[in-house]
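Just below is one structure, and these are the notes that go with it.
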Amino acid sequence: GTGADNDLYISQAIVFIEDAIQYRSINHRVDFKSLWLYRWYYSRTCQCILSLTITVILALAFIEKPSSLTVTSDVRHRLPAWNPPCGLTESIELLCFLVFMVDVSVKSYLVGWEEFWKNKWLMAYILTLIVSLTDWIVSLSFFCAENVRIRRILRPFFLLQNSSMMKKTLKSINSTLPEMASVVLLLAVHLSLFTMFAMLLFARTKDGQQDKEWVVYFRNLPESLTSLLVLLTTANNPDVMIPAYSKNRAYSIFFILFTVLGNLFLMNLLTAIIYNQFRGYLLKSVQSSLFRRRLGIRAAFEVLSSLKETPANAQQSYVSVGALLQVLQKVEMDSRCKQGIMGSLKICSCDQLSAAQFQKLFEELDKDAIRQHPPSPEYQSHFMQKMQFAFGHPYFGYLGNVVALANIISICVVLVIDADKQPSERDDFFLGAINCFFILYYLLEMLLKILAMGLKRYLSYPSNRFDGLLTVILLVLEIATFSVYGFPHPGWRPEFMGLLSLWDMVRLVNMFIVFRFLRIIPNMKFMALVVTTLLDLVKNLRAFAGILVVVFYAFAITGIMLFKGAVVPPGNARPKHFFFFFLFQTSFYIKEVVVLYFKEKCDFMALFYGHFQAEIICCIFCLLSVNLICRWAKIYFVAWWLISSVIWVNLFVALLLENFIHKWDRRCHREPVSDIEYQRTVELIDVLEEPTEEELMEKLHQHPHLHLCR
């Protein structure tokens, strides 16, 4: 019994420490079988399989009928897309559903029956699977000929429920909705009042020639509301005002008041309210993560202190160093952290660790060694030492930046001179010659830096890796150009040869040269600060971006079902002027029925609904700024505008400000560090509050499956 208990305590401590490393909840079963199943479920293999399954089921929308496997989205030019036979994608779906059923079964078992009924996400997970499987069976019974597939709209839920950060972000957004609803209601009142005023101001008169404003924009209540709603986005500004303004300049006061109150006050007020609600979002999120980590470490300490190695008369709990070493050998953690903890244990002369000492050891998890740059080579020759000093000096890097700037200026001059020339009139000699010169300089600069710093130290800097990679690519492209078209000379305009023409090769080289100019960013303090801050924001906003993907996907699938077949390519029997009857609105005009002339306007057909990829481009990115509204689908597009442009964009701005302001303040006040730099993996560690022992013990005593002795 004692040996089995000790093995169980060791296994529990291993799992609790791994939970702390990954910021996972410790509220799960802790018996032998459950711990083995838990570690298997969170193993890299199982999580990769689950992530791959989610990716596959989301990607099915690109190949399902209507398929996106075409070069162009334009219905006039694209060839018939390959559509998978009935049963192919359905079989893949079934395999994905089987993986999800195993996933939800394991999760439900591990949390326990009582916790399962409290977990709304797990219940929603099961309900989504039931509905999806039912719809899958219905689809097969109709031989895949049904138009509405409910399970496709539900697919983003699998992505959402698999991320704890996305669920936490969604919960925070949900708590902000009441405040957002009040401002949206105020916007609705503003829109309604001005709609009434517009219908009164621009009512129909006896003179039909003076009623252009009424005819085009304010004929009835729905059209008036739509016109002002679009004006709120500024998409039809100033077009909506032009007919009335042409009649009387005083009418401009109405539109100015509407725009100022709606755009400058109410929309920005919405941003301010959302930012105020999210101002502590990042801090609360990281505080919660820190609490989970500390709780996991304390749980590991408590179970290890229950081993039969602690003296019976001890007034305080202790953990033996030997037991901790046994646990550390089996825990999956970063080798650097494990070595750091091992090193601290060797320095410590005691055989027993208190709770405070135990917690202090695992603060190594909060550190992340950024980089230790290898030393530069030591040359014996006095000449080589001077070379190393000269080409390893920062001024040599500044000289490279000046040369890169000169290269960009020369390319701009050539492009301006040749902008209006026909390809046959263009002489690529000058551009080819200067490209050759600068690429040779870049190669020489790279080799001299490697000579001064050594290859390992040179590659340890990201800016050098970026610089060296582009230099090698430019050199390969230049060699390929010379091998096909020869060396530059006056009148260098050879005919098309190989995969790319000479002009295409030169343009490709120039694009890489322009891209290489980004090397100056690390040398400009504030520019580097902005760029690195934005790169850090990408990591911190992954959960928010994931929820955005969920919304995009759901609206895109809904758009496919609503607008499939709405646009038909013109056939040979159609008239020369092809008519599309829908409400078409751009920044130039908005009308109820627009006649699009086939030769002039049909380029927009590439953006129309038909398959998933076109749906994403049209419905999402075009409509994000309100560019296209179908007359009979206003509800769909207005709903998307409210969620994307009104709510989601403001949420993104609020989160961006929260992250950016904090990171800007931290970086501006951060002191320079040595070659070995450390940063906290838990952001905001300086301002976070460490949980007290009472809080940790209270939470541990509430554990549904762990029963502590004290």
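The count begins at 1 with the first shown residue.
Glycine too: its Cβ is placed from the backbone N, Cα and C atoms.
Residues annotated as transmembrane segment in TrEMBL: 41-63, 84-102, 122-145, 180-203, 395-417, 429-448, 469-488, 508-531, 543-566, 578-598, 605-629, 635-657 (among others). Residues or ranges marked as domain 'Ion transport' in TrEMBL: 53-278, 395-660.
Most Cβ pairs under 8 A with the transmembrane segment (429-448) among the ranges 41-63, 84-102, 180-203, 395-417, 543-566 are made by 395-417.
When Cβ-Cβ distances below 8 Å are used as the criterion, the transmembrane segment (180-203) is approached by residues 213-214, 217-218, 221, 224-225, 227-229, 232, 244, 251, 254, 258, 261-262, 266-267, 269-270, 273-274, 642, 646-647 of the same chain, each at least six residues removed from its ends. Long-range contacts of the transmembrane segment (84-102) within the same chain, counting only residues at least 6 positions beyond its ends with a Cβ under 8 Å from a Cβ of the stretch, are 49-50, 53, 56-57, 60, 63-65, 67, 125, 129, 132-133, 136, 139-140, 143-144, 151, 158. For the transmembrane segment (41-63), the list of distant contacts is 18, 22, 24, 69, 84, 89, 92-93, 95-96, 99-100, 103, 106-107, 110, 152, 155-156, 158-159, 162, 553, 556-557, 612-613: same-chain residues at least six beyond its ends, Cβ to Cβ under 8 Å.
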